[in-house]
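Below is one structure; the comments refer to it alone.
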Amino acid sequence: MAYLILRDGVVFKGEAFGAWPAQGVRAGEVVFNTSMSGYQEMVTDLSYAGQILVLTQPQIGNYGWHDEESEAERILLRGLVVRELCGGEGSLHADRSLADFCSRRGIWGLKGADTRALTRHIRRYGTLPGVLAMRAEEGLEYWGGNLSGRRQSGNCSDSGSFSGRFEGESTAGRHWVYRACIREAYEIPGPGELLAVLDFGAKRNILRELSRRGFRIKVFPAWTEAGEILDCHPAGLVLTNGPGDPGELPEIVKNIRVLLPRLPILGICLGHQLLALAAGGTTYKLPFGHRGANHPVQDVRTLRTTMTSQNHGYAVEEGSLKGTGFQAVLKNLNDGTVEGMEHRDYPIISVQYHPEGAPGPEENQAVFERFAELLSGRGHSPDAPLPAVQMA
Ligand SMILES: NC(=O)CC[C@H](N)C(=O)O
């Protein structure tokens, strides 16, 4: 037996798979994803750094593991909770099984857990931290021993320390982004114009989508200064997805603020949130996030709706965009939250969802097409004045 003990004292039991040590506990923010497929892409998506991921699809592992389909090399997921773990024997071309990958790469897995009850619990009370442990008592001890009467109700405010920062750390600069991103800049050759990508823990599929359109790409670590990026004279900039709370990245926000008036920009997920912050807007934590592959998003101008792949726990506060030059042009039809922005004066667009999401839906490729159009319509303008934005 192995256990997931939520911070409110609720215990879920199952069996261990993957890379458990003989003893000890491992903590993370517990989140759920409702996608029917794509477990490999989720396990390797660095936006889940520091989190324990619960998959609602009841059979996981059935098509095996295909090494070249991972979204990143580094693995920062804390744990994986599934109902039924399947071996993937039926997949002829698989390189290995999901369980094998978890064992090799340090992921603590829990199988046979009641993922439906767990998901309903998170939906009801909000995202909260939990620990994986072989002995339930060890987990309860981690949360301070006697937990009776400590059950929380719908309050997720103090789970932020697990999503934004390294476990046990609270100093600035120890944000998960700095662990998730690449260490040194590198280039991906291509016949077309140069694009700069600021990497916060990028999914490979974002780079693939850009490469597919012919761009030459230079990928920079999250801490790269604006001047270094501008010195390369890129035609545009892409801000990637990444883990944690966007509100805990003031240095990066300051840097993006310098780049705002100077380059065409595409922001994806964390990149979108950081653009809003750089322009003077605010972000907030959602009760239990959006993680799944069928989130309906509507363009408020055309009323056109598409299905999108999503993985985020924070969102841009729509009211805070007043006076920033950004307009919320896309909305989530489930809860009305901001799903995309466009800037009034600058060639900048952003989406909260994943247009590159693989496995699909594939109907949001227009985001990349629109960005390519913006690049051809307006180029690099290094001498543009700084915008008059009010910083919070
Ligand atoms: N996929 C992402 O980029 C996630 C962004 C951010 N970490 C959030 O949870 O909202």
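Including glycine, each Cβ sits where the backbone N, Cα and C put it.
A quick note: this is a predicted structure, and the numbers were derived from the prediction, not measured.
Going by TrEMBL, these are the annotated features:
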- 1-195: region 'CPSase' (REGION)
- 1-133: domain 'Carbamoyl-phosphate synthase small subunit N-terminal' (DOMAIN)
- SER47, GLY242, GLY244, LEU270, GLN273, ASN311, GLY313, TYR314: L-glutamine binding site (BINDING)
- CYS269: active site, nucleophile (ACT_SITE)
- HIS354: active site (ACT_SITE)
- GLU356: active site (ACT_SITE)
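Cα spacing between GLY242 (L-glutamine binding site) and CYS269 (active site, nucleophile): 8 Å, rounded to the nearest whole number. Counting other Cβ atoms within 10 Å of each Cβ, the binding-site residues GLY242, GLY244, GLY313 show the lowest value at GLY313. Taking the Cβ of LEU270 (L-glutamine binding site) as reference, residues of its chain lying under 8 Å away and at least six apart in sequence are, in sequence order, SER47, VAL177, PHE200, GLY201, LEU239, THR240, ASN241, GLY242, PRO243, GLY244, PRO246, HIS312. Close to HIS354 (active site) in the fold, though at least 6 residues off in sequence, lie LYS203, ASN241, ILE268, CYS269, THR308, SER309, GLN310, ASN311, each with a CB less than 8 Å from its CB. Checking the recorded positions SER47, GLY242, LEU270, GLY313, HIS354, GLU356 against ligand 1 with a 6 Å cutoff on the Cβ atom leaves SER47, GLY242, LEU270, GLY313, in sequence order. For the binding-site residues given as SER47, GLN273, ASN311, the lowest number of other CB atoms within 10 Å of the residue's CB is seen at ASN311. Sequence-ordered, the extra residues of this chain that approach the L-glutamine site, with Cβ no more than 8 Å from the Cβ center of SER47, GLY242, GLY244, LEU270, GLN273, ASN311, GLY313, TYR314, are ASN241, PRO243, ASP245, PRO246, CYS269, HIS312.
In sequence order, ASP245, PRO246, GLY247, GLN273, THR283, TYR284, LYS285, LEU286 are the residues near TYR314 (L-glutamine binding site), counting only same-chain partners six or more apart with C-beta under 8 A.
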